[in-house]
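Q: Okay, here's the structure, questions in a sec.
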Amino acid sequence: MREIVHLQAGQCGNQIGAKFWEVISDEHGIDPTGTYHGDSDLQLERINVYYNEATGGKYVPRAVLVDLEPGTMDSVRSGPFRQIFRPDNFVFGQSGAGNNWAKGHYTEGAELVDSVLDVVRKEAESCDCLQGFQLTHSLGGGTGSGMGTLLISKIREEYPDRIMNTFSVVPSPKVSDTVVEPYNATLSVHQLVENTDETYCIDNEALYDICFRTLKLTTPTYGDLNHLVSATMSGVTTCLRFPGQLNADLRKLAVNMVPFPRLHFFMPGFAPLTSRGSQQYRALTVPDLTQQMFDAKNMMAACEPGHGRYLTVAAVFRGRMSMKEVDEQMLNVQNKNSSYFVEWIPNNVKTAVCDIPPRGLKMSATFIGNSTAIQELFKRISEQFTAMFRRKAFLHWYTGEGMDEMEFTEAESNMNDLVSEYQQYQDATAEEEGEFEEEAEEEAE
């Protein structure tokens, strides 16, 4: 089977990672002790993608849990699924990264990274045919961002031909823990652009807005935000976990979704949106789902898709429904909104259907879009970065760990380049083909 090794780093990464395992274990009929109690062969057909089978028929997540302080791990260890993880796969330090990217990437994290890689190697060696890695982390803190990106580059060195996929939580002033989040995020994006194959941008700004506006929660908690994240992660991994034809592994997904190697930052979406504890009971139709799924309010990245254009889109419908209706609705969206899809990639919307819906819903849809509008998210962080960097505010925390100001300048310009690249393809039309080829040739030289 084509296995995936899952890593979770830092407080946020471990919290959303733990939720992810709770949700998918439930979908695959696996209880908190790792025992299967399901009712459908579909649940077990591709169980090996995320789980190892241990003695006594127990299923163990192929997960490596990493943090620079013991706190979050302790809560995973005392959480509902505490027995399911392999005890050796908890790797943690004592010092913490103090929300400092440099500590995660260069000092504290660098000391712990080898023991993490030992566990990763062990998991990879027991795989029959490893397809790649997925990391859950945030970009605003110290461990998930700094050490997370360090792990990515180390794993890249050792497994250069495996796919690297991340679920990256992007910081927002609306849900902020630290004032230096823009620094940490910019330094991280600088790494992600070069070293990952696919990154799902999960934006705290958007999660907060969904909880506040759509779900009418006046004071959203991290629990509420993480509920949305787990629904989204469950949705985007459906094709990897259940039998099906489309985007059935990480590489096929990358081939369909990434037209240019640097532009691999996806905007996820989910429909129907429900708050924790009140999954809706009203019947949904395929047209409803399709309409909601493309709605800006359902995007997990705070960007207006209407301000940009889609390079590529993948949609995953779950539940019992008519394939014919799904195809008709998806074509309908594209025909009605053709100006929002670049015309120089024909058939750039792909759809998959899985029979098993998520818990509590009859049907759902998950959206993965590679939209040029994601530049708005990078612009937002870049502006906050520049405001502080211009005054060299808080820099001493980073230079004190051995970093150079030059690295900040490089990260800043790399992110600005990324924004310009998205803009370039947003403006591109099919007629200009010739000009592009010339530019590409110049760049190649």
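Glycine is no exception: its Cβ is also placed from the backbone N, Cα and C atoms.
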Q: According to Swiss-Prot, which listed range is region 'Disordered': 68-88, 131-151, 425-445?
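A: It is 425-445 that Swiss-Prot describes as region 'Disordered'.
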Q: According to Swiss-Prot, which stretch among 1-4, 169-172, 237-240, 361-364 corresponds to the feature motif 'MREI motif'?
A: 1-4
Q: If Swiss-Prot gives Gln11, Glu69, Ser138, Gly142, Thr143, Gly144, Asn226 as binding GTP, which of Asn195, Asn204, Asn256, Asn298 does it give for that site as well?
A: Asn204
Q: Counting Cβ atoms within 10 Å across all protein chains shown, which of the binding-site residues Asn204, Asn226 comes out on top?
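A: Selected residue: Asn204.
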Q: For a quick check of understanding: among the binding-site residues Gln11, Ser138, Thr143, which residue's Cβ has the most other Cβ atoms within 10 Å?
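A: Highest number of other Cβ atoms within 10 Å: Thr143.
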Q: Run through the Cβ atoms and count how many others sit within 10 Å of the one on Gly144 (GTP binding site).
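A: Excluding its own Cβ, Gly144 (GTP binding site) sees 34 Cβ atoms within 10 Å.
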Q: Looking at the motif 'MREI motif' (1-4) alone, can you tell me the average pLDDT?
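A: So the average pLDDT across the motif 'MREI motif' (1-4) works out to 90.
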Q: Determine, from DSSP, whether Ser138 (GTP binding site) sits in helix, strand or coil.
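A: DSSP assigns Ser138 (GTP binding site) to strand.
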